[in-house]
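Engineer: So that we are looking at the same thing, I have put the structure below in structure tokens.
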Amino acid sequence: KGSRPASGRPSNLTKRGGFGDAGGLTAGGELPATEPVPVSSENDFKQKCSKLVVELDVKKDWDARIRAMLQLEGMVLGGASRLGNFLDELRNLKDALTEQLNDRRSAVSRVACHLLGELAVTLGNKFEPLAVHF
């Protein structure tokens, strides 16, 4: 028997049916934490983005696609947005990210929405030309 928080739900229960067995959320109702992913150079970022394009293919398992989006967010947190080729590489990912936004699995689309929000905040006005695509 788990203790019951103010919400009345036992604290040892998790949501079912999504990433990490929690619908794209942690047991506390948050999106998974993203750790910064260091990017050493523009070439390193380009290589990592090339791998992301493959991982974001809708034919891939949905949890692999979520991990790929979390990795991109981690690269942003790691400073990739300051690289000269960041926007170009992001443009190369826009179709794959759009597919994630439109995915029928809510865990995938939820992470995609969060990622785009983080990109918009990080890039500010520089995100505007991409925003019309989404």
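Glycine is no exception: its Cβ is also placed from the backbone N, Cα and C atoms.
Automatic, uncurated: that is what TrEMBL annotation is.
Pasting the relevant annotations from TrEMBL:
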{"type": "COMPBIAS", "residues": "17-27", "note": "compositional bias 'Gly residues'"}
{"type": "DOMAIN", "residues": "59-132", "note": "domain 'CLASP N-terminal'"}
{"type": "REGION", "residues": "1-44", "note": "region 'Disordered'"}
Engineer: Determine how many residues of the domain 'CLASP N-terminal' (59-132) DSSP places in helix, in strand and in coil.
Structural biologist: 61 helix, 0 strand, 13 coil
Engineer: Restricting to the domain 'CLASP N-terminal' (59-132), report the mean pLDDT as a whole number.
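Structural biologist: That stretch averages a pLDDT of 95.
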